[in-house]
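Undergrad: Please read through the structure below; I'll follow up with questions.
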Amino acid sequence: MENQKILVAKYAIDRYIKSNMNLGIGTGTTVYHAIKYLSEKLKSGNLKNLKFYTTSSDTKYLLSKEQIPYESNFSKLNKNLDIAIDGADEILLEKKSLIKGMGGAHLMEKVIAYNSETLLIIADETKIVKKLGTKMPIPIEVAPNAVGFIMTRLEEMNLDITLRICNEKKGPIITDNNNYILDVKMHVENPEGTEKYFKLFPGILEIGIFNHKNTKIVYYQNKQIKEA
């Protein structure tokens, strides 16, 4: 699958990324390959004057490793970014709806994505599903003081909920924004309606369902690169 990720990352960048763009950079293994290829194109001079806006501490680290400067201050932005490049955990092609957030960065990923003219998703064939929630739970970022209230409310809806726990230390995962993540197992019949509904719960800061109005998907399937 790593080779598929490399192929789609290179294809998407060659096709859609131009010099002088303001780019949002997502989080995850596929984005890692995009950063590596962007670094090559910047060093060769094939791309110039790109500004990068990051979604996580992990992305900042990867950009720094490639000696690519990034913008830390978003407060001066007064217009949308040109393109946000990101991966996905599940993709429903017919609606261009996504699940994101298994890397714990979906709050800032959505801030960057929904404030970009285009959300450019790159993915291998394992990410394509016929219904969201088939393989992955839905990540929900929650304010720590609200987690008990939210878990009770979701349990009353007969949903299967898990507080995401760290593997390397005891206790829950803390996001870059100092919040908790709940993973909710459910099949999503209506992605747009589900996204809007859960955002109404006080204490839920963001849900990992994405329905960007202008999503382009570059993916690998049946031994070829496809677009949706």
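Every residue gets a Cβ built from N, Cα and C, even glycine.
If you look up Swiss-Prot, you'll see E109 marked as active site, proton acceptor, on the strength of sequence analysis. According to Swiss-Prot, the substrate binding site annotation covers T27, G28, T29, T30, D86, G87, A88, D89, K100, G101, M102, G103, K127.
Just tell me what is around each of these and how deep it sits.
TA: Classification of E109 (active site, proton acceptor) by DSSP places it within a helix. Within the same chain, residues at least 6 positions away in sequence whose Cβ sits under 8 Å from that of E109 (active site, proton acceptor) are G26, T27, T55, S56, A84, D86, K100, G101, F210.
Other C-beta atoms found within 10 angstroms of the C-beta of A88 (substrate binding site) number 28, with every protein chain shown included.
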Undergrad: Suppose the substrate site is T27, G28, T29, T30, D86, G87, A88, D89, K100, G101, M102, G103, K127. Which further residues of the same chain have a Cβ inside 8 angstroms of that site's Cβ centroid?
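TA: Once T27, G28, T29, T30, D86, G87, A88, D89, K100, G101, M102, G103, K127 are set aside, the remaining close residues are G26, V31.
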Undergrad: Counting Cβ atoms within 10 Å across all protein chains shown, which of the binding-site residues K100, K127 comes out on top?
TA: K100
